[in-house]
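K.L.:
Sharing a structure here in structure tokens format.
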Amino acid sequence: MSLNLTDAADDRSYKEMEKYTVERVAGQGTFGTVQLARDKSTGSLVAIKKVIQDPRFKNRELQIMQHLARLRHPNIVMLKNYFYTVGGEGRRNDVYLNVVMEFVPETLHRTCRNYYRRMTNPPLILVKVFMFQLLRSIACLHIPVINICHRDIKPHNVLVDEQTGELKLCDFGSAKRLAADEPNVAYICSRYYRAPELIFGNQFYTTAVDIWSVGCIFAEMLLGEPIFCGENTSGQLREIVKILGKPTKEELHKLNGSSTEINANAKATPWENVFKQPLPAEVYDLCGKIFKYVPDQRITPLDALCHPFFNELREPTTKLPSGNPLPAHLYQFTPDEVEAMTEAQREYLLKK
């Protein structure tokens with residue numbers, strides 16, 4: 001749908017823009033810039049993502065964020081406001097969309113990197129707290145009536161506060177509501193976090209690509225480096241095969257893939273041998289349930305929330321490494337989440 005964006009950058013937008021004082025640039029990339037700003041009326045910090053807007057289309061990211069904002073999910077970054085601006089950075093006639101979001105101090109990428117630099121990994125309790133909330137975020141996105149696939153889950157797109165243990169999924173620039181009979185672009189998602197069906201170019205994928213990406217983050221937090229670290233697309237597939245073994249003919253058929261670039265003798269590596277140090281058996285079990293070649297064989301986000309790996313989060317004495325209590329909202333599910341649960345999931349997750 002066409003949109004007259006020059007008109008959109010009108011008086012209302014200028015009034016909205018005046019509500020914030022930009023303090024510094026917090027991030028920059030091919031998508032645009034993220035600015036740290038302060039709301040003049042409340043004094044609270046916000047993040048403003050500024051992206052150039054194609055005048056031919058409405059911004060899908062904004063539409064998705066507006067929809068998600070109505071759900072008020074604690075693990076999805078909240079859209080606070082938006083406005084358009086014209087010009088800037090030597091491009092006088094370009095129109096920019098400015099998306100105002102709640103501020104969260106760090107990305108999971110930077111938080112984990114601070115541990116890796118000290119030759120250690122995040123404490124297991126922190127992995128549990130962050131993973132539980134990340135799974136909740138995609139469980140919400142994947143509810144059938146919503147059916148949004150994020151398509152670019154990686155540590156850079158996960159916001160965290162290590163002191164409070166809170167986590168919020170962000171950056172919905174690649175997100176899309178999937179329809180079963182509609183093809184989608186397969187060259188999506190950052191390579192290290194890309195599911196096998198995407199590597200094979202399958203255009204009729206499902207939201208199960210997100211659970212694969214979440215699994216990659218899970219393993220990375222425990223390994224100190226990406227679990228599948230290919231230099232290119234074919235190299236990425238080889239790294240997956242090294243750990244999962246060669247897919248069967250049936251699995252390849254379901255992936256719409258071929259075996260031409262796969263080592264015919266590759267056998268699965270036991271999860272105990274994948275990680276550098278001994279870990280609880282529940283870690284290996286959860287990895288085995290996430291990392292399946294066939295998308296509909298992967299554990300669902302709601303089932304993953306019921307996995308024994310997270311049992312420690314249910315204990316009232318459990319605390320964060322900071323000494324603070326666990327986030328209060330961990331088991332406070334929204335009506336939409338409860339509606340999407342099976343009876344067994346409700347029985348387990350709501351009885352805490």
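Cβ coordinates come from backbone N, Cα and C, glycine included.
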K.L.:
Please identify which of LYS15, LYS19, LYS49 is recorded by Swiss-Prot as part of the ATP site containing ALA26, GLY27, GLN28, GLY29, THR30, PHE31, GLY32, THR33, VAL34.
P.N.:
LYS49
K.L.:
Using the Cβ center of ALA26, GLY27, GLN28, GLY29, THR30, PHE31, GLY32, THR33, VAL34, LYS49 as the ATP site position, which other residues in that chain lie within 8 Å, going by their Cβ?
P.N.:
VAL25, LYS50, VAL51
K.L.:
If you count Cβ atoms within 10 Å of the Cβ of VAL34 (ATP binding site), leaving out that atom itself, what do you get?
P.N.:
20
K.L.:
Using a 10 Å radius around its CB, how many other CB atoms surround ASP152 (active site, proton acceptor)?
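P.N.:
Result for ASP152 (active site, proton acceptor): 20 neighbouring Cβ atoms inside 10 Å.
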K.L.:
Determine the C-alpha span of the ATP site listed in the record, that is the greatest distance between any two of ALA26, GLY27, GLN28, GLY29, THR30, PHE31, GLY32, THR33, VAL34, LYS49, in Å to the nearest whole number.
P.N.:
14
K.L.:
Which state, by DSSP, holds ASP152 (active site, proton acceptor): helix, strand or coil?
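P.N.:
DSSP call for ASP152 (active site, proton acceptor): coil, neither helix nor strand.
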